[in-house]
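Feature list (source: TrEMBL):
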TRANSMEM  A:12-33  transmembrane segment
TRANSMEM  A:64-90  transmembrane segment
DOMAIN    A:64-252  domain 'ABC transmembrane type-1'
TRANSMEM  A:102-124  transmembrane segment
TRANSMEM  A:136-158  transmembrane segment
TRANSMEM  A:188-213  transmembrane segment
TRANSMEM  A:233-254  transmembrane segment
């Protein structure tokens with residue numbers, strides 16, 4: 001289009017907006033380096049005392065550990081269930097399977113506060129409140145749709161003739177699944193597992209409702225810190241979270257780039 | 001068993017585990033909540049009648065809807081600008097933009113809320129900077145009011161607004177715009193009369209998606225609103241965890257749920273839902 005001036009301004013505006021999306025989070029970095037005992041911007045000298053605090057505090061370390069256990073378990077279970085389900089839906093592909101797919105995506109779109117209510121309601125009689133199992137189950141239900149989406153996207157580019165060929169050559173259903181289908185949808189499965197991990201690792205709304213004392217995840221502890229709004233250890237924790245997000249993101253970008261290269265060549 | 005296999009596609013056997021899990025542990029309690037909304041504390045529509053009696057409830061719902069509408073307008077407008085710029089620039093620049101966009105998706109909501117708390121507070125960085133350069137004498141109240149909630153929410157929602165728009169803009173046939181220009185329309189005319197109407201499905205999908213996500217938003221309003229801006233989600237949590245009144249909370253949840261489902265239905269008429277969610281997950 002010839003409207004060059006407008007496009008140009010718009011592009012500059014878009015860059016400013018994109019930077020606005022990312023940069024505010026970085027404020028946690030200087031705040032975490034303050035030598036003071038309260039939340040403040042450091043003036044002149046910097047100190048790592050809040051990181052030291054973070055990594056020696058039993059409470060924070062146990063929260064890190066609990067979050068890791070819950071997120072890894074969630075990711076594992078959600079990936080297995082979500083992948084199986086996606087393959088099943090892909091094989092059936094009928095009117096009913098599309099209905100089931102729409103139903104299974106609901107946990108992603110139903111407001112988190114309603115999901116939290118639902119789990120809270122059911123976990124009371126089941127005795128799952130404030131337990132690892134309760135959190136992992138709840139997070140799995142929220143995360144599985146993510147896996148369903150990424151694996152389905154991979155399956156959409158998979159050639160069904162390959163499956164047919166494998167069967168014609170005498171492979172069983174199970175062998176076909178393991179040796180033919182799974183290797184070709186690996187990028188989708190991997191992305192799904194990563195998304196499921198991040199979702200559980202960050203999840204706060206449902207966690208606030210169904211955890212209390214014995215299970216105290218990292219987001220839960222951060223939430224408390226944010227509400228109290230005094231202890232700079234929260235800033236240090238935020239920096240660690242940003243670093244972890246960044247690493248996960250880089251892994252994701254590199255692996256997806258490798259996959260696109262593979263399909264091109 | 002053999003007879004069963006003949007009638008049921010084997011694919012259903014591997015769909016079943018997740019389907020059963022979601023149906024028993026997710027759908028059933030949600031239905032239970034809908035049921036509670038007409039039975040707790042006593043059977044009937046007493047909870048819904050409260051909407052007509054209690055000014056507080058109406059005010060909370062109105063606050064929620066108002067904030068969601070403003071958030072949606074800002075997020076979608078700004079998102080449109082970003083998506084437009086991304087579609088109309090070189091591949092390399094577009095990749096950088098996409099990286100920033102996805103990165104912002106990945107940053108934890110708690111980290112972002114914490115950052116806003118540091119930036120917008122009375123002694124926060126923004127007020128400090130404005131005072132230092134002498135633009136203002138007194139700190140501006142960015143927080144504990146609707147302004148703070150709006151800043152936090154728009155910041156969170158922009159990426160969600162961009163993705164459906166991006167999908168719909170990329171699917172456009174560029175030759176239509178060329179044709180319009182060749183027939184003598186100006187750039188502005190082409191944009192308003194051709195480009196905008198053609199991206200309308202994406203615009204509707206993006207608007208509804210952001211609105212739906214804003215409706216149940218909990219973290220940002222609770223922290224940046226500082227108790228001064230009470231929205232439905234926070235009210236529900238107070239009802240459940242502090243005053244233990246399931247009935248009212250269930251009624252509000254039911255209203256929210258029906259609202260969301262209605263909007264999803266409208267959205268599905270404009271765009272294949274899977275493309276929206278597919279985009280949102282990537």
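In case you wondered, yes, glycine gets a Cβ from its N, Cα and C as well.
In this chain, the transmembrane segment (A:102-124) touches the transmembrane segment (A:188-213); three or more CB pairs sit within less than 8 A of each other, excluding pairs fewer than 6 residues apart. By the count of Cβ pairs under 8 Å, the stretch nearest in packing to the transmembrane segment (A:12-33) among A:64-90, A:136-158, A:233-254 is A:233-254. Within its own chain, the transmembrane segment (A:64-90) is flanked in space by residues 97-98, 100-101, 104, 132, 135-136, 139-140, 143-148, 151-152, 155, 177, 181-182, 185, 188-189, 192-194, 196-201, 215-219, which lie at least six positions past its ends and keep a Cβ under 8 Å from the stretch.
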